[in-house]
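Copied from TrEMBL, the annotated features are:
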- D49: active site (ACT_SITE)
- C52: active site, nucleophile (ACT_SITE)
- E237: site 'Linear diubiquitin binding' (SITE)
- H262: active site (ACT_SITE)
Amino acid sequence: YKLSVSPEMDIMEYCRKEWRGNTPAAKRMRKGYEAVAQKFASIRRIRGDNYCAFRATLFQALSQATHLPRWLQSEDFTMLPENLLSKYDWINQWQLRQKPGKRMGEISDEIKEYLILLRKKWKTISEIKGPLEKQEACDKLFKNEEEEYCLYEALKFLMLNTAIELYNADKSGRRVPVFSWLLFARDTSSNPCQLMQNHLNHIGHSGGLEQVEMFLLAYALQYTIQVYRLYKYSTDEFITLYPNDPEEDWPVVTLITEDDRHYNIPVRMCQETVL
């Protein structure tokens with residue numbers, strides 16, 4: 001199997017290996033990594049297919065989960081596909097990931113399975129008390145390719161649901177976050193149906209998540225995604241928050257990117273030195 005999340009490596013050692021030259025870009029990257037190393041000791045590389053933003057975010061969320069989020073506990077969580085399909089028949093064009101040798105069932109049954117799996121894995125891992133055991137359970141889950149990709153399908157569907165909620169809220173005159181306007185201001189996603197056809201259906205196949213979709217992922221999970229964007233070192237955008245005005249009770253996960261396309265994860269927070 002291919003390793004989805006590689007073992008820990010010292011951040012500065014990783015940086016020296018990757019950025020040896022004396023070009024302005026290499027110098028900026030080294031400075032960026034030095035700044036990250038003030039807070040985190042190690043880095044774990046994330047496998048670079050078009051799911052890496054999902055993989056990095058979900059791995060970080062699960063490895064620090066201590067309880068099941070409220071939205072995962074709700075009664076109608078697993079009824080979501082059925083409920084949405086009864087209102088929007090265009091969702092039947094959802095691009096499901098084909099499993100070798102398996103005939104596709106009803107689309108709503110397939111997605112329901114993925115949502116049930118997400119809830120089950122989140123519950124199991126959040127109930128593990130010891131940090132080492134929790135880490136082992138996460139490593140094991142991200143070595144099981146079949147399950148891993150089902151979880152990403154669940155995340156994509158939750159993003160679609162969130163997009164529909166935001167779109168409807170805006171249409172009925174309620175306040176929506178700024179990113180929601182940007183999401184639907186694109187020629188390719190002026191409504192949720194287009195968003196699904198032109199963007200969500202392609203994630204993992206021919207493309208990853210765009211910036212504005214990182215906001216959507218954060219809203220769908222009700223997590224703040226904090227990203228060290230190394231190529232933006234020494235600008236205001238070096239540390240970017242999705243969303244940039246997060247709810248106070250949302251947990252925070254931290255990722256690293258060199259180019260806004262591929263994401264890795266920093267691990268082991270350094271002990272703050274008390275002066």
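Backbone N, Cα and C atoms are what each Cβ position is placed from, and that goes for glycine too.
Comparing the recorded positions D49, E237, H262 by how many other C-beta atoms lie within 10 angstroms of each C-beta, the top residue is H262. For the residue listed as 'active site, nucleophile', applying a Cβ distance below 8 Å and a minimum sequence separation of six or more within one chain yields I46, G208, H262, Y263.
E237 (site 'Linear diubiquitin binding') sits 25 Å from D49 (active site), counting Cα to Cα.
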